[in-house]
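Taking it in order: structure first as structure tokens, then the write-up.
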Amino acid sequence: MLRLGRSAASEVSSIRNSLQLQLEQRGARPMQCAYQTQSHSNPEGAKRGRSPMSLAVMGAAALSVGLELQTDGIAQARAAMEPGTQLQRHKWQLFDQIGAGAFGVVRLGMHEESGEVAAVKIVPLENPNDQRSYPALEREIAALKLVKALGGHNSIVDLRDVYVEGRKLFLVTELARGGELFEQIVAYGSFPELKARDVAREMASALSFMHRHGLVHKDVKPENILMSARVVDHNSGVYRKSNRHESSSLVKLADFGSAGPASVNTNLEDIGTAAYLPPEVLNSGMCTSACDMWALGCVLYIMLSGSHPFDLDGMSADSVVEHRVKSEPVTFDFSAWDNVSPHAKDLISKLLVKDPTLRLTADQMLQHPWMNASAEAAAAGLRRPSPLLAGQPIPRGPA
């Protein structure tokens, strides 16, 4: 149905020394991320028409809720679109590429003064083949700025900076060193209940924060949940953080390109991934906070079993999955669920209710008995092998 994509993200063993040593060994020099637009005339600079990305940057600025640091960044980005403007230099150095997608690439960045390592998404300002990516970037910038202005959340990826250099936009966010939740499941199999609960609790808390402020993520899936730390013990689900810049949270909700207020008659091209859309979106285009809870139910099902609830072998066509989502109940009738607690199954069933008005909210999910069960009761059983190891891939969304 949906094919596997990029490999696991590169592990960064230290903040400064290892990156600089790596560059020295390659005989390379770090590229300075600086605002250095040139004042001399050139054919491109003479064009006064704004690119779609310019409008996206200004749109994000218009949606700003007054965060001083990021408002200044947007203002500088807007000014950078005008030829002949000198702007303040930004102190981020760029290193290895760690990801790629339709929008462009993601590279490691290091702040010259603090030594913080971050993820830097680099998007070309003018790419006729990717016009649809500009509204998505506008939504992402606006959503991350809103979250930051509201005080942020420990389980939502934090916006560090946004600026334009030359004809590229740079979106700097905190780095999650453990890679995607999806990659963890593929590599190590399903999670023990204790660790799955930790992830579910943090995601429910993040969604509760967003929903209270009228923001719907609209694309919750394992690929968009990032692990803050790398795995140390695959069987017990132990993780390790080793850096003062790293968050105390286990996971981070990322990729806000679909985020926005609740909507009706939603264009399916603007939101989500097919395998994680609830019945109401498929039937009428209605996308509310309940959509995020359905998707989180799918994620929890995958964490505990290694399979998608409506595509158990990972090979079904989109049309078949859509039919199952609309018409068939979730099932736990295969061996991966033999040792999973009844409370866990009950929670998933209440998240995957077809009627969105009956579906658990994020706050209700946090009060469910399974979310508050004792660690001893949940720790029974080790990780089970992923179905991927037996040639049964779980669905993956597009990059």
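Placed from the backbone N, Cα and C atoms, the Cβ positions cover glycine too.
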Which of LYS121, LYS145 shares the ATP site with ILE98, GLY99, ALA100, GLY101, ALA102, PHE103, GLY104, VAL105, VAL106 in Swiss-Prot? The record says LYS121
Among ALA102, VAL106, the binding-site residues in question, whose Cβ has the most other Cβ atoms within 10 Å in this structure? VAL106
Let's check the environment of ASP219 (active site, proton acceptor): how many other CB atoms sit within 10 Å of its CB? 25
Pick from ILE98, ALA100: which of these binding-site residues has the biggest number of other Cβ atoms within 10 Å of its Cβ? ILE98
